[in-house]
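Undergrad: Let me give you the structure first, and then I'll get to my questions.
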Amino acid sequence: MFPMVTEFMNYGQQTVRATRYIGQGFMITLSHANRLPVTIQYPYEKLITSERFRGRIHFEFDKCIACEVCVRVCPIDLPVVDWKLETDIRKKRLLNYSIDFGICIFCGNCVEYCPTNCLSMTEEYELSTYDRHELNYNQIALGRLPMSIIDDYTIRTILNLPEIKT
């Protein structure tokens, strides 16, 4: 008789515990019910990136001294720097600079350690293409400034969405 009573008490305790856990989960679900949705309609609405967002790298050809610090600090030795030594002035002259964004991990080491600040991170993150060879950017493609999301009048950002009346 006593084992049957203890089994019944254990069953009751387990039922109460399970009901409490289900109730806690339901309360969390209900707490999210009155919040605004986070989902955006991507091609037409975009989130504004933070100041420290690590997007596509912008390169300024005139500032580069071809020191190759960016290549040495890159964990995958990605930037390709072609230069020629000018013997009359004893300086390097930059011929070509390219980065393959299909391989780049956007760590930002090249930007951080560049002594002349010729590299900077932009807020551009739309780098998708149908051919991965198009992701190999040379100094001309790297030098183009991206259109700012805030300044683009065709795109609605979260800041300029119409107010939702409740």
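Positions of Cβ are set from backbone N, Cα and C atoms, glycine also.
Sharing the feature lines straight out of Swiss-Prot:
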type: DOMAIN; residues: 55-84; note: domain '4Fe-4S ferredoxin-type 1'
type: BINDING; residues: Cys64, Cys67, Cys70, Cys114; note: [4Fe-4S] cluster 1 binding site
type: BINDING; residues: Cys74, Cys104, Cys107, Cys110; note: [4Fe-4S] cluster 2 binding site
type: DOMAIN; residues: 95-124; note: domain '4Fe-4S ferredoxin-type 2'
Undergrad: Using Cys114 ([4Fe-4S] cluster 1 binding site) as the reference point, find which of the binding-site residues Cys74, Cys104, Cys107 has the shortest Cα-to-Cα distance to it.
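TA: Comparing Cα positions, the closest of these binding-site residues turns out to be Cys74.
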Undergrad: Near Cys110 ([4Fe-4S] cluster 2 binding site), meaning Cα within 10 Å, which of Cys64, Cys67, Cys70 (binding-site residues)?
TA: Cys70
Undergrad: Distance check, please: Cα of Cys104 ([4Fe-4S] cluster 2 binding site) against Cα of Cys67 ([4Fe-4S] cluster 1 binding site), rounded to an integer number of angstrom.
TA: 20
Undergrad: Nearest to Cys107 ([4Fe-4S] cluster 2 binding site) by Cα, among Cys64, Cys67, Cys70 (binding-site residues)?
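TA: For Cys107 ([4Fe-4S] cluster 2 binding site), the spatially nearest of the binding-site residues is Cys70.
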Undergrad: Counting other Cβ atoms within 10 Å of each residue's Cβ, which of the binding-site residues Cys64, Cys70 comes out lowest?
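TA: Ranked by other Cβ atoms within 10 Å, the binding-site residues Cys64, Cys70 bottom out at Cys64.
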Undergrad: Give me the sequence-ordered set of same-chain residues, not including Cys64, Cys67, Cys70, Cys114, with a C-beta within 8 angstroms of the centroid of the [4Fe-4S] cluster 1 site's C-beta atoms.
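TA: Going along the sequence, the neighbours come out as Ile65, Ala66, Glu68, Val69, Val81, Cys110, Pro115, Thr116, Cys118, Leu119.
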Undergrad: Within a 10 Å radius of its Cβ, which of these binding-site residues (Cys67, Cys104, Cys107, Cys110, Cys114) has the fewest neighbouring Cβ atoms?
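TA: Checked Cys67, Cys104, Cys107, Cys110, Cys114; of these binding-site residues, fewest Cβ neighbours within 10 Å: Cys107.
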